[in-house]
Amino acid sequence: MYKLTMAAAALALTASTAFAGPVEDRQALMKSLGKALGPLAAIAKGENAYDQGVVEENLNALNTAVQSIDVAALFPEDSMEGETAALPAIWENMDDFTAKADKLKADVAEVVASMPMDQAGVGAALGKIGPNCGGCHEDYRMKKN
């Protein structure tokens, strides 16, 4: 049942964003990443009790979303306009940007392969994943006011 639910969620994300355009697609992707990371962060901080089902569900959802990242499709050169926080540095340093996306994919897959079994494990998992997010946002996302 769980696999069916995850497959349906991935299909819904793909269907809902497939015709929106690259800016909207990448914004939807980032929202899905945040949605998966939120409950994990709450567990790591002790705000929510450890729940193996919640951990597995959200790490698997995160992995599904991350592994679906296609940098070329999400960041074509003609997608610099509009309401986007993506900086021109992405297109100026596409090799580095792509390498960072690949590292995120590898790190999330590694975390999922050794699924955390307690609160400390969730914290360690986020400690591995988090720097990928921050490093990319620092270099390639417009600063929020």
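Just so you know, the numbers here start at 1 and follow the chain as drawn.
Each Cβ is built from the backbone N, Cα and C atoms, and glycine gets one as well.
The signal peptide annotation in TrEMBL covers 1-20.
Under the heading heme c binding site, TrEMBL lists Cys133, Cys136, His137. Other C-beta atoms found within 10 angstroms of the C-beta of Cys136 (heme c binding site) number 17, with every protein chain shown included.
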Same-chain shell around heme c excluding Cys133, Cys136, His137, C-beta within 8 angstroms of the CB centroid, reads Lys100, Asn132, Gly134, Gly135, Glu138, Tyr140, Arg141
